[in-house]
Each structure stands twice: as C-alpha cells, then as structure tokens.
Amino acid sequence: MNEILNIFTDPLKLAGQSIILVLIYTVLFLVIEAFVPKFKKWGDTLFVIVLVLTLGQTVMDAFSTMGEIVNVASDFFLAITPILTSILVVLNAVFSFIAWSPIVLFIFEMLMLLCKKVLIPAITVALILDFCSRFIQEISFSKASDLIRGTVMTLITASLLGMVTVLSFTGVAFFTIDQAIASPVKKVIEQTIPIVGSLIVEGFSIFHKYQSTATTVVGLGAMTAFWIAAFYPAGKLLIHAMTFKLLAAVVEPFTGSTISGLLDDVGKSLLLLCAVAILLGIAFVFIWLILIVIMQLGVGKSF
Amino acid sequence: MIKLIIIILIGKCLLLLADEKDVIVYVKLATLLIFLTTVLDFLKL
C-alpha cells in the first residue's frame with residue numbers, strides 16, 4: 001500500500017523539496033549580496049548555475065518520464081493493433097473494419113512519430129534557447145523559443161482535433177466535428193497557458209458517450225485503472241510544471257527578472273510536455289474504449 | 001545545441017571577466033557562427 005501511495009506522493013515531495021531548496025538559495029544569495037555588494041555582478045550568473053544544477057534533475061526526470069510514456073504507448077499500440085483488427089474481422093463488422101482500422105493505425109502511428117521526432121526534441125530546444133537567453137540577456141533567443149512553443153502547441157491542437165474527429169463515431173461516418181470537440185480546440189488556440197486545464201476538462205467530455213457503456217462492461221475498478229494509468233504521467237508532469245511556475249512567482253520579488261523569467265520559461269516548456277502526455281493519455285483511453293465498444297457491437301448491442 | 005551552450009558559457013565568463021561592452025560583439029559573432037554551422041549540419045549541407 002505504501003508503494004502505491006509513494007507513486008502519488010513522490011512528485012509532491014520532490015516539488016516541496018525544490019521549493020525549499022530554491023528559497024534557501026535565495027536567502028543565501030541575498031545575505032551574501034548584502035555583505036559583499038561587489039558580488040552582485042557574479043551573483044545572478046552563479047544563481048542561474050546553482051538553479052540549473054539543483055532543478056536540472058527535475059527537468060531531466062520530466063523528459064525521461066515523457067520518453068518512457070512514448071515508448072510504452074508505442075509498444076502498446078503496436079501490440080493492440082493486430083488484436084483490434086482481428087476482432088473486427090472475426091466479428092464481420094465490415095463497415096467498422098473499413099472505417100476504423102486504417103485510420104486508427106495511421107493516426108496512432110503518426111502521433112507516436114510526431115511525439116518522438118518533433119514534439120519532445122522541439123521542447124528540449126526551446127528549453128535550451130530559454131536558458132541561453134536568460135544567461136546572456138544581450139543575446140536573446142526568446143522569440144525563437146516562443147515560436148517553437150507556439151508551433152508545438154499548434155501541432156498538439158491539430159493532432160487532438162484530427163484524432164478526435166476521426167475516432168468519434170460521427171467523425172468516422174461523416175467526418176464532421178461536433179460542438180463538444182470544437183469548443184475545447186477553440187479554447188486551446190485562444191489560450192496558451194491554461195491549455196492543460198482546458199484539455200483535461202473538455203477532452204474528457206468526448207469520452208462521455210462511451211464511458212458509461214465501457215464502465216458497465218469492464219467494471220468501475222478496471223476503468224479507474226485505465227484512467228489512472230493513462231493520466232498519471234501527465235499529472236506528474238503537471239506537478240513539475242506548476243512547481244516551476246510557483247517558484248517563479250515566489251522568487252520574483254527577491255531576485256532579478258532573470259531568475260524568475262528562467263523558472264517561468266521552464267514551467268511553460270514543462271506545461272507543453274504535459275499537454276503532449278495528455279494527448280497520449282487520451283489516445284490510450286480512446287483505444288480501450290474502441291476495443292470495448294467494438295466487443296459490445298460484436299455481441300449485438302446497439303448504442 | 002551543446003556547442004551553443006558551450007559558447008554561451010564561455011561568452012558569459014568573458015563578459016564577466018573582461019568587463020568591456022565590446023566583448024559582446026565577439027560573443028554574438030561566435031554564437032551566430034555556431035548557429036549557422038548547426039543549421040547547415042541539420043540540413044546536411
């Protein structure tokens with residue numbers, strides 16, 4: 001039981017430790033600055049280096065978590081595809097087979113490729129450019145990193161839109177986007193920072209139609225397990241991102257704009273990483289729902 | 001990207017040690033050269 005609890009408490013503990021450490025460093029640097037005014041010139045640079053050394057591990061953890069999710073999801077989709085296709089063929093659901101199978105394969109493979117080759121490297125580059133911009137303020141890469149983040153955001157939005165459109169029943173049949181799907185995408189495009197919240201809240205509404213059926217079939221426990229497995233990594237990344245945002249807010253009055261700006265930029269990049277994880281989580285849950293719904297169709301139940 | 005980080009670190013050290021505004025021009029030049037070589041590498045040219 002403790003081990004299960006630790007899975008949920010570890011990210012929070014890490015966040016707490018990071019906040020306390022950064023606060024101690026802030027006090028330390030302020031005290032040194034007060035007694036040795038000449039230290040001010042080197043102070044900011046040293047503070048950035050200390051921050052990178054202290055919080056770098058958290059950022060690396062976030063990226064390794066993301067890499068693991070992509071690998072697991074890739075293996076999962078690869079394993080589930082022949083099963084799903086076989087079920088469709090065995091059940092003689094000709095329409096479903098034609099409509100779903102190639103598109104499902106295409107969408108998920110594209111999603112994996114996009115995450116591995118574009119999204120994660122792009123966020124890494126944005127993070128490095130942010131660091132460079134803050135380290136030497138005369139040489140600013142902030143526009144480049146903003147451009148990269150904006151592009152990644154657009155790609156996530158486009159993937160979400162494409163995936164949901166194709167995978168929803170109406171989408172498969174008629175390729176139309178209903179209001180429930182259109183509104184979150186609109187919000188996502190309009191707002192960049194609260195994107196994660198919007199994705200979570202609105203993204204979940206698209207499952208509403210199939211969730212009740214799926215829950216009756218496999219039980220509440222199994223569905224809860226699917227949900228937790230799908231969105232735990234995203235939650236962990238969200239905690240990391242919010243830690244950086246909180247740190248930026250806390251240290252802003254006591255340090256220069258360089259430090260708080262750097263922390264804020266790292267928070268923004270981690271939020272994007274979290275959005276990618278949510279996207280993969282949605283894909284993971286969706287494939288389970290498809291499996292359950294198709295099995296139900298196979299035994300003659302209509303929706 | 002590693003080259004970029006290295007040049008930024010060296011540049012910052014030079015800026016702090018030299019205490020002259022002229023140094024920034026050389027750091028910018030070096031950064032631009034690194035950036036260009038990275039882009040050319042990426043495009044396989």
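Glycine is no exception: its Cβ is also placed from the backbone N, Cα and C atoms.
Remember, predicted model here, so these are calculated numbers, not experimental data.
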Looking at A:193-212, A:213-232, which one does TrEMBL call transmembrane segment?
A:213-232
Which range out of A:15-36, A:45-64, A:269-294 gives the transmembrane segment (A:244-263) the most CB pairs under 8 Å?
A:15-36
